[in-house]
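Okay, so here's the structure we're looking at.
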Amino acid sequence: MLRTQAARLICNSRVITAKRTFALATRAAAYSRPAARFVKPMITTRGLKQINFGGTVETVYERADWPREKLLDYFKNDTFALIGYGSQGYGQGLNLRDNGLNVIIGVRKDGASWKAAIEDGWVPGKNLFTVEDAIKRGSYVMNLLSDAAQSETWPAIKPLLTKGKTLYFSHGFSPVFKDLTHVEPPKDLDVILVAPKGSGRTVRSLFKEGRGINSSYAVWNDVTGKAHEKAQALAVAIGSGYVYQTTFEREVNSDLYGERGCLMGGIHGMFLAQYDVLRENGHSPSEAFNETVEEATQSLYPLIGKYGMDYMYDACSTTARRGALDWYPIFKNALKPVFQDLYESTKNGTETKRSLEFNSQPDYREKLEKELDTIRNMEIWKVGKEVRKLRPENQ
């Protein structure tokens, strides 16, 4: 009888495996098919494209709406004064330059950012200036300083924003929380925002690969009646693949919320909790790290990024699928109150106040280094360094 049951299980397993293999092959073909069959016609059609995102129709803009020749003509009389050369300044500045637009950098002379800009080919007196000189020369002033630095430098920058210029942000932080930052944009200028959904390094690397990062855009002031098209065009010019409309308020709330949640803080907390429980139950550091971080980042997350979470439920084993289906509602119900508190904390300005207070302290770098050193010395991340060394490509 046991042999008969075992034979049935094996047979059923083979049938399920065969069906799942066929389903995955069909699914994979479905995911890859649009790239070959539908993208090109969409690129060659109208500028406005409406996409149904899970039942909500939104208008998106793509590179096809602003090809390079159109960008060069639209911005032919403009100079982009990019203030700050940190993560976003680096990525957006180099992409603008590679797209053939007239961009200059404004930073503190002889400071670290000045030296970094020179290493990237920016030339003092030609396209590298002090902040004041750059703003005076620019028709677009792209304020890409850190949030704390924007607040500190605003009294010096605001008088330089003369009529006719366009003020640009990549984060809604400063103008939205103006009661805390004291950054109140002039009412007689177009004020726009383009917020890449990733770091400046990613903005640059995806552009160099011929791809593009997703970005949102928003308009604070539309004095000329052209603020929307300015933002859409500039979003493409800095290297966006597609861009969608939001507001300054929604951008800053979703950005702060995401960074503290699934993008950084929340995922780090989940990694630590799972790792700790495994270690407390006798699992080795290597096993705990592999089951918590390595498998997630090297195997599962790339597939989720490429095909979606629904694909993963088809792609995993029957045992993994059953467990995930049973447990994801439990995690959702446990975590949702935390996320609700987090969103309220971003919306009411608590996170902004905390950020400004900490990042404006004269010894904030020393305090930050202590916090980062604590993370570096956590067992989980020490183990991670050793595990990464064992990857074949690192040997």
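Placement of Cβ uses the backbone N, Cα and C atoms for every residue, glycine included.
Looking at Ser286, Ser355, Swiss-Prot tags one of them with phosphoserine, and that residue is Ser355. Nearest to Glu259 (Mg(2+) 1 binding site) in space, judged by Cα atoms and limited to the binding-site residues Ser87, Glu291, Glu295, is Ser87. Of all the recorded positions listed here (Asp255, Glu295, Ser355), Ser355 has the Cα closest to the Cα of Asp110 (NADP(+) binding site). Taking only the Cα positions, the spacing between Glu291 (Mg(2+) 2 binding site) and Ser87 (NADP(+) binding site) is 32 angstrom. Spatially, by CA atoms, the recorded positions His171, Asp255, Glu295, Ser317, Ser355 include one closest to Gly93 (NADP(+) binding site), and that is His171.
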